[in-house]
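Inspection log for the structure reproduced underneath, given as structure tokens.
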Amino acid sequence: ANVNVICKSYTFLVTNAHLNMLTHHLLFTVSCLLGCSAESYVIDDRIGLGREFDGIGGLSGGGATSRLLVNYEEPYRSHILDFLFKPNFGASLHILKVEIGGDAQTTDGTEPSHMHSKDEGNFFRGYEWWLMKEAKKRNPNIKLIGLPWAFPGWVGEGTQWPYFFPNVTADYVVTWIYGAKQHHNLEIDYIGIWNERKYDPVYIKEALLTEKKLWSSEDYSTFNDDIGAGCWARILNQNYVNGRMTSTISWNLIASYYENLSFGGDGLMTADEPWSGHYVVESPIWMTAHTTQFTQPGWFYLQTVGNLTHGGSYVALTDRKGNLTVVIQTMTHNHSQCIRPPLPHFDVSPQIATFQLKGSFAHLTDLQVWYSKLDFETKKDTLNLPVSTQVYNGSFTLKLDVDEVYTITTLNTGQKGTYPESPKSRPFPKNYSDDFTIDNPPFSEAPYFADQTGVFEYFRNSTDNGSHAFTLRQVVTEQPVTWARDADQTISIIGDYSWTDLNVSCDVLIETPVTGGVFLAARVDQGGESVREAKGVFYWIYANGTYKVTNDIGGQRVLAEGLSGTREGVWYTLTLRVKGYFATGMLDGYPLWKNAVVLEPKNGWTALGTLSFEYAQFDHFEVHAE
């Protein structure tokens, strides 16, 4: 049945689906009848407006955080994109910030540059162009930001520093902006210089004194569980209340990379199983919607914003055309900690709050209410529950419990978008192969391969019209201007981190004479910013006619070595068998070494790569895990 609940200053309609919220507010009804007291807050524009709101966004990159998204099949890929970007549906983001790929490791992988060398340009590498176009397709008004984390080595001219030659660096970035427009019809709204590298320190207090705009342009960095949702809900309000920051951007946009890489499970939602189609719309999506679906860039904060007496905060925004949105959050300390930085202690307790509408809002009588409760006791959250309310004598009153978010708004366009449940989660296929034969690949990377140092791209081998006409090629030939600690070797991982016993094989072509080398690996236990420390079983062959088996990517822990007769320019088939504590390797179907003892690691990804930053090709990759 439908129930009308009335408590002095507000009325709302509750259906059977709203029973949790009904119980919550019935308690408030009783307390009102007993004579409750409420703290009072004023929402008023007569004293002028605060700063202009610039929007809420997400960051794809820094790096390779959207890597697996492109490999989802339809309709699931479009569903995911709708939850991120479609207005009045899910997160409804106002801003998309992307990495300008620099061929280097930037947290969870490498993103390819549009200019591997100063003499070439390719504006179809990677997936950020595609992602920006998909975002624009859903929201033509979304703002686009580009920022480099790393640069190809030629930009620094061997110095590992892009500021020694600022004209070169500037031209490189400007070329990316022009490429976005010329090849993809994308207008880039904002551009950055270099992520997290000091060039002219600006502090928040100084920025406030100068009245310049201040954004929190990479925030959150937190797992997308309910505590992460609490972190996100709290900072979306308090970044303005405490620091007058007019935009907050989440790192990262979506956890679409292998979970065992750095910050696995970060992002506003999770989509890391393109092979199954499974994705999860996590609670941070709905915390975002409390602001994004009821405001737009160009609105203005009111000056009457602040902290609640018993913990929590509220902000109010207007479009200066009569619309008003108030967002209230009461996240507790232990349920809203971000991964970083440490959060000073504060207290939040249940409270009753009355909001007095003044100025141009005094006439309002009907407001929409959207409500969320992160319930850490029952584990049954209420997320973006719409109800309606009425203003009584120019005010409305709410009973605020802990770990809640309210949006009170004049807008009636908000929705909690839904799609049929995504397919069930399942592991990476135990039997997988790829011969990289594709005439017009939609993306430059092969499915599921996640580059951790170097860049591996589809390649049309014009010198071979036979079985190796289409290959995967490592194309970075000099150390980039790095942001993280890239390995000295290049490496791309694939598969299930839990894999222990398996057979993996791949055809390989060394292109560099004498000093060149390639590897095939299993049980690789590290990637991301820790890729230099990766252990596993690495099976190497070299252009000088030798082979080596090592327990680490750096080649220091040698398990076996000897002569192989290998050289550059010849295709070889490497086969690696790992079972229990023993590993065996074959070359072109014949045993080259066997029963190398492997005590650790016990599990990890499979991988392929090169000895240095050098050209090399790979084909007919195949893995069979037990």
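Note that Cβ sites are derived from N, Cα and C of the backbone, with glycine treated the same way.
Feature annotations, reproduced from TrEMBL:
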type: ACT_SITE; residues: Glu196; note: active site, proton donor/acceptor
type: ACT_SITE; residues: Glu218; note: active site, nucleophile
type: DOMAIN; residues: 53-206; note: domain 'Glycosyl hydrolase family 59 catalytic'
type: DOMAIN; residues: 301-415; note: domain 'Glycosyl hydrolase family 59 central'
type: DOMAIN; residues: 451-625; note: domain 'Glycosyl hydrolase family 59 C-terminal lectin'
Measuring Cα to Cα, tell me the gap between Glu196 (active site, proton donor/acceptor) and the residue listed as 'active site, nucleophile' in whole angstrom.
10
Identify, in sequence order, the residues in the chain of the residue listed as 'active site, nucleophile' that are 6 or more apart from it along the sequence and have a CB within less than 8 Å of its CB; answer 'none' if there are none.
Leu59, Gly62, Lys97, Asn195, Ile249, Trp251
Which residue counts does DSSP yield for the domain 'Glycosyl hydrolase family 59 central' (301-415) in the helix, strand and coil classes, in that order?
6 helix, 53 strand, 56 coil
Surrounding CB atoms that lie within 10 Å of the CB of Glu196 (active site, proton donor/acceptor), all protein chains:
9
